[in-house]
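Student: Questions regarding the structure given below will be posed in turn.
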Amino acid sequence: MAYFDEISKVKYEGRNSDNPFAFKFYNPEEKINGKTMEETLRYGIAYWHTFTGDGGDPFGAGTAIRPWDHLKGMDLAKARVEAAFEFFEKIDAPFFCFHDVDIAPEGDTLRETNKNLDEIVAMIKEYMKDSKTKLLWNTANNFTNPRWTHGAGTSPHADVFAYAAGKIKKGLEVGKELGAENYVFWGGREGYESLLNTNMKLEQSNLASLYHMALDYSKEIGFDAQFLIEPKPKEPTTHQYDFDVATATAFLQQYDLQDHFKFNIEANHATLAGHTFEHELRVARESGMLGSVDANQGDLLLGWDTDEFPTDLYSTTLAMYEILKNGGLGRGGLNFDAKVRRGSFETDDLFHAHIAGMDAFAIGLKVAQKMIDDNFFEGIVDDRYETFKSGIGKQIVDGKTSLKELEAHAIDIKDINLKSGQVEKIKAKMNQYLLNI
Ligand code: XLS
Ligand code: CA
Ligand code: CA
């Protein structure tokens, strides 16, 4: 059965096309710096928003009208798989991502849940045989069911911890079965509401043990995916342990996990942490830990995790600048962890939203590559740190000086020739780049 009958395969038609079902900038075959756009951008479709989500919010029921609405339970799960692969084909997606509960309903026990999962995973595997769409990552949803109220790997109850471990074990098996490139850990409720009822040290060390067990088990079964941690500072808990890239890096280092993890960085989580998207990408890239990206955007007027489709070209460009400087995303990709607005309830909106996001990152890629080719900003950075290239500056960089020597150097200095940071010139130049693609 076809779910999106009216829509044919979305193609690249160029910037002047007025066909709403065509890409204007994303041309999968176009080469940018020797790699096709498809190879660099590695777009992923988030199963939970696009096939499982219904547009509900804390103030009202779902609004989405979907061709599978009349179904329930396993029939619904199967219809979603059929719809998903039709959608992947039509939007030309190289990857998809899911949580366990997105693809199959939870049963009353873990045993029942696993049975449901087995059936749907077998079906997905069949569909994947005739599809180019691969699994970018999967993960266990250890945050929706009421049992996770106080956390999963950081729960104060050992049975809950064991349940979480069991779900992760299954997640790793599923990832292996479907050839996932990565496996994600997002600590949805791994945090606290009040320090007065929390043993923070125990919770964090339990969480680290869980990650170690996951690493051991993936080795045991020969699942060689890249492990990713997805930081987020808050929501749903007041304070989440994986607050941002810097905090999560310290956690990984403290528990000797740093060599086995990279980061899955979500734009909206970066802004919730009071950073820009590109800040988080930069921090991860500088320590060689930029793994994958959840491509979306927040709304600064609202300030919560709105998971909007990314359309802000300034942000997609600065993100692509970091990604290109990283030499690409390796096994990672750009997963649209984004949902259509509650008011965009028609099925067509799913296509419009993805086209908008895919075009926005294609523009970002083109502009960022041009910026890098021109070396304009790199030139500014280079000049700015000029004094560290020779003399006392070089000695500082090489670790070959001391406070005594530096005092002797500084003691009689009267004028220091500081130069402008040129922020306005930089911003104007960025605008020029954006307008000239
Ligand atoms: C929620 C997160 C979540 C992770 C995967 O805010 O973005 O969807 O990406 O569990
Ligand atoms: Ca995410
Ligand atoms: Ca989010």
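Note that Cβ sites are derived from N, Cα and C of the backbone, with glycine treated the same way.
According to TrEMBL, the feature active site maps to H99, D102. Annotated Mg(2+) 1 binding site per TrEMBL: E230, E266, D294, D337, in sequence order. Here TrEMBL flags E266, H269, D305, D307 as Mg(2+) 2 binding site.
I'm curious about the neighbourhood of these features; can you describe it?
Tutor: Same-chain residues at least 6 positions away in sequence with a Cβ under 8 Å from that of H99 (active site) are, in sequence order, Y47, W48, N138, T139, A140, N141.
Long-range C-beta contacts of D102 (active site), restricted to its own chain and to partners at least six residues apart, with a cutoff below 8 Å, comprise Y47, W48, F51, T52, N141.
The number of other Cβ atoms within 10 Å of the Cβ belonging to E230 (Mg(2+) 1 binding site), over all protein chains shown, comes to 22.
Reduced to three states, the DSSP call for D305 (Mg(2+) 2 binding site) is coil.
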Student: My understanding is the cutoff is Cβ-Cβ under 8 Å with a sequence separation of 6 or more in the same chain; which residues meet that for E266 (Mg(2+) 1 binding site)?
Tutor: E230, K232, V293, D294, N296, D337
Student: In the structure shown, which of the binding-site residues D305, D307 has the fewest other Cβ atoms within 10 Å?
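Tutor: Ranked by other Cβ atoms within 10 Å, the binding-site residues D305, D307 bottom out at D305.
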Student: Ligand 1: which of the recorded positions D102, E230, D305 have a Cβ closer than 6 angstroms to it?
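Tutor: Among D102, E230, D305, near ligand 1: E230, D305.
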Student: So if I draw a 10 Å sphere around the Cβ of D337 (Mg(2+) 1 binding site), how many other Cβ atoms end up inside it?
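Tutor: The Cβ of D337 (Mg(2+) 1 binding site) has 26 Cβ neighbours within 10 Å.
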Student: Checking the recorded positions H99, D102, E230, D305, D307: which ones have Cβ within under 6 Å of ligand 3?
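Tutor: The ones that qualify, in sequence order, are D305, D307.
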